């Protein structure tokens, strides 16, 4: 029955002659998803025990099932009343099916000798024909697989056997023999032939050309796989599981043979070797140098004068910043006491003014304004010193007003927050850079994509691209419809025996 199904290339369910159409439909529904029965018959199952006596095990409908999910063939017996699987036997390699009687067929099971006693000899005849046809196709396919690896290797082996030393010895021998006697010349040729046979008998890379490390049943031998082939498979994204898979490894092996063999693939791979990757770009540009690197650190506190009285609360201010840099301006040192809280910022004024005078040497008689306030970030450099304005927060010039200044500092609430837009414009390039650092939001962010170069994409042409295309077609066929699967699995069983997913 299976031979009649060759034109459509898809096996259809074949029911039993003794069952009604409704019973056959029920039987087909018990087979399972993507399972097809190639022949069905009503049988009794017998098994031979150790005492060599046949004993009946069960009765039901025997089916020669093509199990596409498991990619194998089984003999299964179903109970159509309860819809249960009663027994099964996989058609292993070298499976032998005997028919001592037309209605009584025997074979070796996994644990004992098994027999099928058919209720109808016509069904028995058709069932036997379906099984023997299947076993014959599998046998022919196995023979072709055994002969395939040895076929294309003969011319390749003769091409690879090249020994420049042999030609050198031949040329050298001819010169010597031209001088010697004719008999000595013949002896020299005989010795030369023995040397040539020894060299030819041990070619360097004949083994790799011979079998490629591939077996029809187990796939590629990963332990003895050629490193260049392994590199090719890695470039194409072929996993070890795919190399061990019987069907996928067969597709890969056929691709290598169609390309010209292992040496042709290796030569093409060397020719298409990608250029070295460009040097990786550096990360983001280094941040600007810290402000203190461009100027000297603040001088230590001097011992002149008495320090101002401490405030009533715990000091929380940061250490005084280094003085700002202005060309042509003498910068005053910071206040002597580091525990002294920062004075309030002075309001900017549009009137030009000279640089601030040096700090007072004593608590009395001082008329100079305080040093410039620090910026909001503690480690940042201070803005240029502001100029006093005519407002209420003008710094007093007398020593009597010094106490009022301290009271304002202690109150804290009257201190004005320094806004970004209220900073005076710096007059030098370095001050402008410091202002940008303090503002922060004006700095350009560096994207993470610039830190590392993207990986070099795999080549999509040549031998690598062709193999990748073959594997993509194979993957699409596995996950596509049954019709697509028939095309890719044609290598497993020819004619109508492709697997279906």
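From the backbone N, Cα and C atoms, a Cβ is placed for every residue, glycine too.
Residue-level annotations in Swiss-Prot identify, among 73, 97, 103, 253, 253 as phosphotyrosine. Note on Swiss-Prot: of 135-158, 207-230, the range annotated with the feature region 'Disordered' is 135-158. Residue 239 (phosphoserine) has a Cβ environment of 11 other Cβ atoms inside 10 Å. Secondary structure of the domain 'WH1' (31-138) per DSSP, as helix, strand and coil residue counts: 18 helix, 55 strand, 35 coil. Taken together, the residues of the domain 'WH2 1' (401-418) have an average pLDDT of 64.
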